[in-house]
Amino acid sequence: MSGHDNRSGFRPCCVAAWRLVGIAPALTMSLILGIASSTLYHGWIMPVGFWQHGKVELSFFCLEVLCVLISYLTAVLRGPGFVRRGWEPSKEELSQLLAAEAGNDLPLDADVPVNDLLQWCASCKGFKPPRAHHCSTCGRCVLSMDHHCPWTNTCVGQINLKPFVQFVHYVPLATFHSFIVHSELLYLLVWAWQRARRGRDLLKVVMQLHIVLGLVAWFAALAVMLLVGTLAWEMQHTVKTNVTMIEEYVIEKAEARRRRGGERRFVFPYDLGKQNAAAVLGKGYLSWLMPGGPTPGDPVWPELRPGSTHFDISTEQIAQKTEKLQRSVVMPVEHPFSGEGRCCFTYWCWVGCSFGCCAVCDCEACGEHRLSVAVGEAVLVSKSEGSWVHGQLMSAKEGDRPQPQGLGGWLPRQCLSDRLREQYEVPFQASLQGSWEADDRVVVVKGLVVHTSSSRRPFVLREEGGTVQLLGCLLESCDGKVAKWSNGQAWKKQESAKDGGHWPVEDEDEMPVLLEEKKDI
């Protein structure tokens, strides 16, 4: 990990300063300085005079604006914390993190490969730390990514989450103060309207430049206060739960996936209870209020709740992607398509002439990678949006089964043959389904996801050299009753309940929900 990228959060000034170059950051700074300048002018330099604003109030307002500026610039210049390209945890780190785990939590007695514990990023050519996600806008993997914020021209992640939370709370405070000061102008207009003998007298008051600019600042303060205040309310959920916006979707999909598969419920490993706020903002009210510091804690391996591991969330995400792979279909290419070219008028005219007007109307592929295909190739299609599909090229060495390779991308649906599509499966997938007895544990296989009855952590089956791989071990044979693995272990198929076998109850608090769903069916 690079110190500039993650642990300190700082990058060279010439690089970080470029984040301030853009329409959104320029507009943000203009709003902050414009509203603050107008407030100082109408409140203290040239006050309207209905209310007195003393030096104490001036000091408080200047402090509010200073906190807004410091927290905003800190969030921009520190950055979210980017994962170094090609990052991979050392063997010492992995062995230390896995040392405390029980061996019967694994479906096989084997050393767990890193690709079964952490997600691989094809764009960055490296592994993602547990809470990291790839941002297509930044083009990098971001530690504890919450979202990409256009107003900061960068992501909100592990390093700048604290200053960003402070920023979205200080902005409503400062704009509310500005709104109160500028409200004197409305009182002035009402006073002038009541005393004006002719319409011209009122216009003389209204059309003064500082009055017009003050009313614009009053409206801007109100709009910013409401919009950023809404975001501040949402960010309080992040502070209370220590769950980022992206992780909310991961947890939601995890609960749905495990409910379908009858697995144990998912427990978020970074939920620290009453310590969640301290994990984001630090300990003590002074740390909460003082702008400028990074988010506390280790950016790569954050603090865990008791009984959880760092790989609980990453293995769950791998299982979710594998389940998505299981629903994918393989479709042969009928018409060639070149994904090269800029998203301009002439390009979309060519797309419309080649694949129909409907392909032009769907702009899902406009800002994302497009896939180049040729006749005779096959594509593994994972999702569809209108007249476009997203997939990966299927390629294989001589004598091997085709497998998805490289980055995925978008291509027109008309390029593929819907008549010849096939469901994607790995070898022995059908014969491996069900529950298996393996030494002192029960292993459950559902689709491509594998877990033991005593563990909440899922693992996945992968295709390797025409056979199946699990935890780095190859499946040598499987006749539906016995499965033999290259590490010497053998699984025996567990009998069903009606034949006298025992189906383990994996989580008692989940069973009533599953039974109710079964009754509804």
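Any Cβ shown, glycine's included, is placed from N, Cα and C.
Marked as transmembrane segment by TrEMBL: 20-44 (among others). Residues of the same chain lying 6 or more positions beyond the ends of the transmembrane segment (20-44) and with a Cβ under 8 Å from any Cβ of it are 53, 57-58, 61, 65, 68-69, 72, 76, 150-153, 174-175, 177-178, 181-182, 184-185, 210, 213-214, 216-217, 220-221, 224.
Sequence annotations record features per position, and here TrEMBL assigns transmembrane segment to 56-77 (among others).
Marked as domain 'Palmitoyltransferase DHHC' by TrEMBL: 117-249. In this model, the domain 'Palmitoyltransferase DHHC' (117-249) carries an average pLDDT of 88.
TrEMBL lists 170-193 (among others) with the feature transmembrane segment.
Taken from TrEMBL, the feature transmembrane segment covers 205-233 (among others).
Look at TrEMBL and you will find 489-509 tagged as region 'Disordered'.
Marked as compositional bias 'Basic and acidic residues' by TrEMBL: 492-505.
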Counts by DSSP class (helix H/G/I, strand E/B, coil) across the domain 'Palmitoyltransferase DHHC' (117-249) = 81 helix, 16 strand, 36 coil
